[in-house]
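> Here it is, the structure, as structure tokens.
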Amino acid sequence: MTKPQGIAVLGATGSVGCSTLDVIARHPERYRVVALTAHRQLDKLFEQASLFHPDYLVVADAESAARLRARLAEAGLGGEVLHGAQALEQVAALPEVDAVMAAIVGAAGLPSALAAARAGKRILLANKESLVVAGSLFMDAVRGSGAALLPVDSEHSAIFQSLPADYAGDAESAGVRKIILTASGGPFRQRAAEALLHVTPADACRHPNWSMGRKISVDSATLMNKGLEVIEARWLFNVPPSRIDVVVHPQSVIHSMVQYRDGSVMAQLGSPDMRTPIACALSWPQRIEAGVASLDFFAMGDLTFERPDMQRFPCLKLAFDALETGGDAPAVLNAANEVAVAAFLAERIRFVDIPRVVADTLDGVSASASRSLADLLARDDEARRFAEERVGSC
Ligand code: NAD
Ligand code: MG
């Protein structure tokens, strides 16, 4: 029997982290949890530690670490408890870790995902912000170390599965005409522009098809999520924005498509359940049980398609524009969006202010050609400060 693969789950207590552990628990002979990380949800992390017995646990600060250590000792559980951002990078690069699930939310997930890339790991990438902030640097690190990069975002998993198995980043020679990202349209797809003035965080987090963390739920409601995914696709598949289309498909059955030169369209379909792309990334090129029910074509109803409305949802256009501008403009877009979404969730600004904060930050913080991680993080910081001030004047 072959040795189980060592897995580090970064962001284990989140929506993607929990779904990942659900899949791993179905295959104890294939996977062994080496490290679990969380920010501040100690109860959940403790519960996960008692089920999976990781060698390492990482939390945000020394005080949380001391509390977790005490609870583990009391329960007679082992596991070394570390804390801080540096410790995330450390566990991502451990020699006994074969694969890293990068499922921290936001740019906070970049340094650890990059550490996994530099250490040549198999990276299961849910944290799309890594590629939005540092696409070029990240892909260079993957190529430089020979790491394997497997998309977890459902759309990118669909595209990955619809491209030729030997696709090496050359759309032209693979005969790819377009990459078509599908979007559910979010909870406000049918709301009039005036109604968007009054929507609440709870309304925005009530996604019609997917159950997700709060930040990505708001991003889905503004369509910024699709904008971030356009940038993610640009880097994962090395395609220019002119070859990427967005199609609103409210049923979320088709997870995305690839259109070829000869007129063929390859698509991946499935239930809207993240365990499918997670299992696919974990086991590729094999297929493992993920606990997901088969699609029932007779119960499914109509599949429909619409053009995205960039007037009501300007964030999608802002993301296309930032990608065209290039350099670190996508990092500025992402930082401003994180600040604006947090402010909306804290009820400091309205839903319609989110694109305004992002647009003004893109105007106010000029893009340059940041190359290093330090440069990109400095630009991220500058954009956050600008956006925070702009929030104050909403
Ligand atoms: P979530 O909010 O449910 O979970 C986030 C996780 O990151 C938690 O474990 C939290 O403790 C940890 N975390 C938060 N801030 C941190 C910080 N500063 N430092 C260290 N850890 C921190 O988020 P989610 O919905 O699971 O999304 C995670 C990532 O996956 C995001 O980048 C999101 O865009 C992407 N993604 C999610 C889904 C989904 O269905 N939820 C689908 C596709 C992609
Ligand atoms: Mg997605």
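From the backbone N, Cα and C atoms, a Cβ is placed for every residue, glycine too.
TrEMBL: automatically predicted annotations, no manual curation.
Residues or ranges marked as domain '1-deoxy-D-xylulose 5-phosphate reductoisomerase N-terminal' in TrEMBL: 7-135. Residues annotated as NADPH binding site in TrEMBL: T13, G14, S15, V16, R40, N127, E129, G213. Feature annotation from TrEMBL assigns 1-deoxy-D-xylulose 5-phosphate binding site to K128, S154, E155, S184, H207, S220, N225, K226, E229. What TrEMBL records for 149-237 is domain '1-deoxy-D-xylulose 5-phosphate reductoisomerase C-terminal'. Among the features that TrEMBL reports, Mn(2+) binding site is placed at D153, E155, E229. The domain 'DXP reductoisomerase C-terminal' annotation in TrEMBL covers 269-385.
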> Quick check: of the binding-site residues listed here (K128, D153, E155, H207, N225), which one has the Cα closest to that of R40 (NADPH binding site)?
K128
> Compute the C-alpha separation of V16 (NADPH binding site) from E155 (1-deoxy-D-xylulose 5-phosphate binding site), stating it in Å without decimals.
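E155 (1-deoxy-D-xylulose 5-phosphate binding site) has its Cα 15 Å from the Cα of V16 (NADPH binding site).
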> In whole Å, how far does the CA atom of S15 (NADPH binding site) lie from that of E229 (1-deoxy-D-xylulose 5-phosphate binding site)?
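If we compare the Cα positions of S15 (NADPH binding site) and E229 (1-deoxy-D-xylulose 5-phosphate binding site), the gap is 18 Å.
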> Which of these binding-site residues has the least crowded Cβ, counting other Cβ atoms within 10 Å: G14, G213?
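Taking G14, G213 as the binding-site residues, the minimal 10 Å Cβ count falls on G213.
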> Take the mean position of the Cβ atoms of D153, E155, E229, the recorded Mn(2+) site. Which other residues of that chain put their Cβ within 8 Å of it?
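Leaving out the recorded residues gives K128, P151, S154, H156, L181, N225, K226, L228, E232, A233, S256.
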> Within its own chain, what residues at least 6 apart in sequence put their Cβ under 8 Å from the Cβ of N225 (1-deoxy-D-xylulose 5-phosphate binding site), listed in sequence order?
A183, G186, I216, D219
> By CA-CA distance, flag whichever of D153, E155, H207, E229 among the binding-site residues is nearest to E129 (NADPH binding site).
E229
> Counting all other Cβ atoms within 10 Å across every protein chain shown, which of the binding-site residues R40, K128 scores highest?
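Of the binding-site residues R40, K128, the highest Cβ count within 10 Å belongs to K128.
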> On a simple 10 Å Cβ count over all chains shown, which one of the binding-site residues T13, S15, N127 is most densely packed?
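Its Cβ has the most other Cβ atoms within 10 Å: N127.
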> Whole-number answer please: how many Å between the C-alpha atoms of D153 (Mn(2+) binding site) and H207 (1-deoxy-D-xylulose 5-phosphate binding site)?
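The separation of the Cα atoms works out to 16 Å.
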